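J.: Sharing the features that Swiss-Prot gives for it:
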type     : residues    : note
ACT_SITE : 210         : active site
BINDING  : 53, 56, 147 : Zn(2+) binding site
């Protein structure tokens, strides 16, 4: 199964759907779904996902290289792993999504969207995670969902963590820093993301990793992701990574800007970078007689997008944590 990506992009079902690797067993579970189980007993389970948005190809290429290293035996596997290529049809077409944004659908929210390939896939992925986690006795559960951003950013690599009722474990946050993340953003409310689903329903330590800018297959400079790739290799092999000398900056979400109608106007242009700062009182958006302004001394924008569908998020506003 050293051609997992090619099979996923072509929509081809392999002739052989399970076999042996170098110190592990593999099972092809469906298009874009591959389970890896070490021969030796382990108590750690990891979801490694990419391609939830089909135009975010660098993380997919990164996972493909990690799989090649595992199959060649140059990388040892010490976790049960479910590899997920989230949206195969959008990946093959080179587009963000075919009908609707899947990363708003998890936790059953797909039921409120018009039926499409994405709603069916979101349901399939929910069931796949349920089966994966329920079939083992993992003491440690992680989910790393790899993305790239539409816009440039003041932080080249950053992580977005779902709302969580319990404190985050220090070793997980330390690993994110060792993986080269320059900033961590903490959600304060539930959402429809893949990582919120795995955290809420299975207690996984989950993070969406944003690793640079979205580019087509073959146009990615994977050297800029080398620190993350090396950290993933060490993680899979059970090798402790050195702590970052500069821990990631921390932010929390303080508000969400939502587009409700065609009257919506977001006062940020296409060159506005993620983590751009705005002073208190700045007008951020208008919709009819509703005005959205900065209420804290300084707020930072994340994922500004004026062209989202009505009812969806047009941006997040953040506050820097000490």
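Placed from the backbone N, Cα and C atoms, the Cβ positions cover glycine too.
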J.: Measure from the Cβ of residue 56 (Zn(2+) binding site) and count the other Cβ atoms within 10 Å, all protein chains considered.
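T.: Around the Cβ of residue 56 (Zn(2+) binding site), 27 other Cβ atoms lie within 10 Å.
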J.: Restricting to the chain of residue 147 (Zn(2+) binding site) and a gap of 6 or more, list residues whose Cβ falls under 8 Å of its Cβ, or answer none.
T.: 50, 52, 53, 56, 59, 208, 209, 210, 211
J.: Out of 53, 210, which of the recorded positions has the smallest number of neighbouring Cβ atoms within 10 Å?
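T.: Counting other Cβ atoms within 10 Å of each of the recorded positions 53, 210, the minimum falls on 53.
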J.: Is residue 56 (Zn(2+) binding site) helix, strand or coil when read with DSSP?
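T.: Reduced to three states, the DSSP call for residue 56 (Zn(2+) binding site) is coil.
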